[in-house]
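These notes concern the structure reproduced below.
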Amino acid sequence: MDTSSINAQSIFDDNAAMLKLSWLTGHEGWERGFSSESVANATSSADLVGHLNLIHPNRIQVLGDAEIDYYKRQTDEDRSRHMAELIALEPPFLVVAGGVAAPPELVLRCTRSSTPLFTTPMSAAAVIDSLRLYMSRILAPRATLHGVFLDILGMGVLLTGDSGLGKSELGLELISRGHGLVADDAVDFVRLGPDFVEGRCPPLLQNLLEVRGLGLLDIKTIFGETAVRRKMKLKLIVQLVRRPDGEFQRLPLESQTVDVLGLPISKVTIQVAAGRNLAVLVEAAVRNTILQLRGIDTLRDFMDRQRLAMQDPDSQFPGKLI
């Protein structure tokens, strides 16, 4: 990921109000940020933000009551050495939390080295938790996929397929049936956790749906506030295809998945043909996926039933054919 836009200034601007940050000194170092190597080597945002640690240093160092008390108990020589080591790490910025006064030597060294120094009355633990969550969001893997992203029965569903298959028309019909639009045409996905991918609409396309022959439709204005969603977790991908029956698998024996940002997402394929009610089929696919997430697999149950019937046919068909 490009980390050039992530620097002390941008992090301060995004978090100053929530964390009650004040920029004490080191304004000249506003461009300080994270190297691509440090971000690539980080296993989580916890590797980028943490309490003062000179042995295994974090990129953003937070000094709270305990760290300042420890600093005050040191000799002048040890204080100077620790401050020199801290500044030598070249962190994007330092935070003195808990409402304690920043040590004068730290302020002086930050001023001389143009190291941004922030202060806040909030506790160090609260600052670290908030910054870790913030870093995990802005550094999370991202991708933009083509399709219509909808909230169907509380599940995030992405309609995909070749151009001209009627994805937007299908999305419009599903919206008219009470479901919600997240994004049309381009959907921004981000992996915010180990087990889920979240999808949002780009600001430029917010609430808009493009339908051939009708142009752009403002779904929020036409159908109301409840017809749009800000974000949804991606749980199902519905691929629309147009192909002969001979190439279409009616009963797939194995569940289909698509890799999205390293996470397997369930996928169903629906054939587009004249006279088919695609909206009903999509709703049925979503309901079936919900059952599968609850451990109910209709195909597996049928195969088990069939196997039992083959082993003991008389139990299934006690009567005799005449």
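Every residue gets a Cβ built from N, Cα and C, even glycine.
Per Swiss-Prot, the range carrying the annotation region 'Important for the catalytic mechanism of dephosphorylation' out of 223-228, 259-264, 271-276 is 271-276. Counting only the Cα atoms, the space from Asp162 (ATP binding site) to Asp185 (active site, proton acceptor) is about 12 angstrom. Across the region 'Important for the catalytic mechanism of dephosphorylation' (271-276), DSSP helix (H, G, I), strand (E, B) and coil residues number 0 helix, 1 strand, 5 coil. Proximity of His146 (active site) to non-local residues of its own chain (separation of 6 or more, Cβ distance below 8 Å) is seen for Thr160, Asp185, Ala186, Val187, given in sequence order. Cα spacing between Gly166 (ATP binding site) and Glu210 (Mg(2+) binding site): 11 Å, rounded to the nearest whole number. Within 8 Å of the centroid defined by the CB atoms of Gly161, Asp162, Ser163, Gly164, Leu165, Gly166, Lys167, Ser168, the record's ATP site, lie the Cβ atoms of Leu240, excluding the listed residues themselves. Counted within 10 Å of its Cβ, the other Cβ atoms near Glu210 (Mg(2+) binding site) come to 14, all protein chains included.
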